[in-house]
Amino acid sequence: MSSGTSGDQISHFGKTLTTTASLVFGSQSMEDTILSYSSPYKKILHDTITSSGGTSSLMKVERSGRMFTPFRTRNSAFQDIFHASSGRGYFKNGFSDTRTSFQVLSYLSDAMLADIPSSESAAATSGKLVTEKGEKGKKKRAETAHARGPSLYQGFEASLPTINQTITTHQKKQIMNRDIKSIRESDATPEDVGQDVDIEKGEEETTHDEFTLPKGIKPEHLSNSYSIKNLKGAVQTITDNLDLLEIQKNLAASEIRELDLKMEKLKLMRDLVFRRVAKIEQNELFLEKHLMNIRERIDMIEEYNLDNDTDAEKAYEEATSAPEDTKDQYSELPDANTAESGETVVQEPQVNLASAQKSLKKRSKQTGYSHKNHEKKVQQHEFRHLRKTYPTLQQYYEPGANILSFDSAHEDNVTCLDFNLPFGTLCSAGKLDPTIKVWNLSKNKHVASITGHLATVSCMQMDQYNTLITGGRDALLKMWDIQKAIDNDSIPSDEVCIYTFDSHIDEITALSFEANNLVSGSQDRTIRQWDLNNGKCVQTLDINFATGGNLSRSMIGSGFLNTNNDHPIIGAIQCYDAALATGTKDGIVRLWDLRSGRVVRTLEGHSDAVTSLQFDSLNLVTGSLDNSIRIWDLRTGTLADTFSYEHPVTCLQFDLNKIVVANQEGTVKVYNRQEKKHWFCGGDEHSENAVEYVRYKDGYLVEGRANGDINAWAI
């Protein structure tokens, strides 16, 4: 038998001893234990401590100041296991004689001795190693207490079947391994090996499932026997086996409780580490934000040639070395401020900054576009690959767990939302409300509100550097620097707005931006491409063919005042470099080349309006009012997969692992692309509070509902 199997048996035997002993002693009241007031054990222990049974005592050791030094020299403790050279030496100590030590260490109560089944049980019961009147007076109660729990012997006996079964199973596995090895060395086929394994597996399952009567008892003998003695013997044997099974059950229950305690401790440890990771990631976000601010300031200083390290150092040296009466020349400048970190901050000359600000404003008025803000956008794109950290805390939530909720974030249904990164910044908009609300996802609070649109905001996109572009029913596109609103919630909205694009003449229904390109779709049946370098429209694509016919000028002009829920002509747009994908009301997905402004491929299959789409390097996923999701292979232009829901699809996003869908139901639908399985998260599937909009990034999902609630989930 292997050492691992022997270790398991010893461990199981130890648990058996512990559990049985706890049942024996736990079944008796405190007054009935061997440590009761009149117990001989207590008397012997008292004699040992007070030196009644020996030449020295624990009390004398304590008074003399001698210390117990384990493993260094010969111990003067009551029990010295490590220096006992023989059985007699085991009972020798410095506190009592050998006889007293033997009585203390070998004492067994009458209740324990009475439990040993033997033909001489009566003699064992009457003969005691130590007797005292108090012990005899409690014999009856001890026997009554014994009826409530098993003995040590019974516990040992109960462990034998488990040990025997372990030995038998191990021997069978050894035989099977030898047989398989011999078969592999021979010319046997794989089918023969599989049959042998199946036979062994079947025999093992049969062994576990079969239940038999105790040894020596057969069902046919019981049914044909007329001997009361034999039948009573069978009753006693079966009763004893039931007692053993009860002990085995208690052992198993004890193991379950032990595992539960370990799992609870592991859960507590996991929660502590989880909170530690959350705190670390918040610190990372804090440092990343300041790192970006420093980079922006460096760019501004380089652009306007404001570098004055030499002048600043010279001014600092003069300020620190000049006499007190000569420091009046700096009275017009603020004193050196002490930062929270304890470092001294030297104020920059105000003249250069003021002239730079005037120059910046003048340049902005001349070009009609804030060059500084545009440079910020370009720099942000270049710094995408320089980001040092990225949040991963959402990966450690249980799938489908609610991370946070903003109840009644908007008075009406949420029309659109987007966030920069998990636990970062979220922007959202509601129906019939032109206000954009900004939320901190790590602190779970509202941090700013931005105004500027004249009507409902119908679409938006946000990058990971807090640049937001929105489109509304007022036919306007606006670019925002959300970081300004976060840093100062009282700042005027016109300072948060970087630029306004105003060439459309009807509601903006879809937009997408990437690098220096912005593409927008409108109810005026045009798609416009914008250059973010100068804010100008560089191309207009006409899509009148999407639905046939033309809209009247009056209908176009009054579009942003219309509050009906007609589905948009252009339902979804995404651009990447020179590639553009559009989904329109006719159910057709068109792939465009922005360099030529022409359609290079059409994907037909939806029977109703396309409301959402997204593509990567391999696939294009589209959602439609026909309740279906279609996955297209961009390499061949063919349909790779499709599935449907009970209600129309209004919004979707995907990555390599999952597709998340909003379809006017009370939950977010999730499709696992690897396992081909569907599941949902977020409340009641049949709730009237339907999910209107979803955004999903790296396992972090945010959804907006018809009642204005916003929730974040880990998937």
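Numbering starts at 1 and runs along the chain as displayed.
Backbone N, Cα and C atoms are what each Cβ position is placed from, and that goes for glycine too.
Noted in Swiss-Prot for the protein shown:
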type: REGION; residues: 122-147; note: region 'Disordered'
type: COILED; residues: 228-268; note: coiled coil
type: REGION; residues: 313-380; note: region 'Disordered'
type: COMPBIAS; residues: 347-358; note: compositional bias 'Polar residues'
type: REPEAT; residues: 503-542; note: repeat 'WD 3'
type: REPEAT; residues: 564-604; note: repeat 'WD 4'
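For the repeat 'WD 3' (503-542), the DSSP counts in helix, strand and coil order read 0 helix, 26 strand, 14 coil. For the repeat 'WD 4' (564-604), the DSSP-based tally of helix, strand and coil residues reads 0 helix, 26 strand, 15 coil. The average per-residue pLDDT of the prediction over the coiled coil (228-268) is 89, rounded to a whole number.
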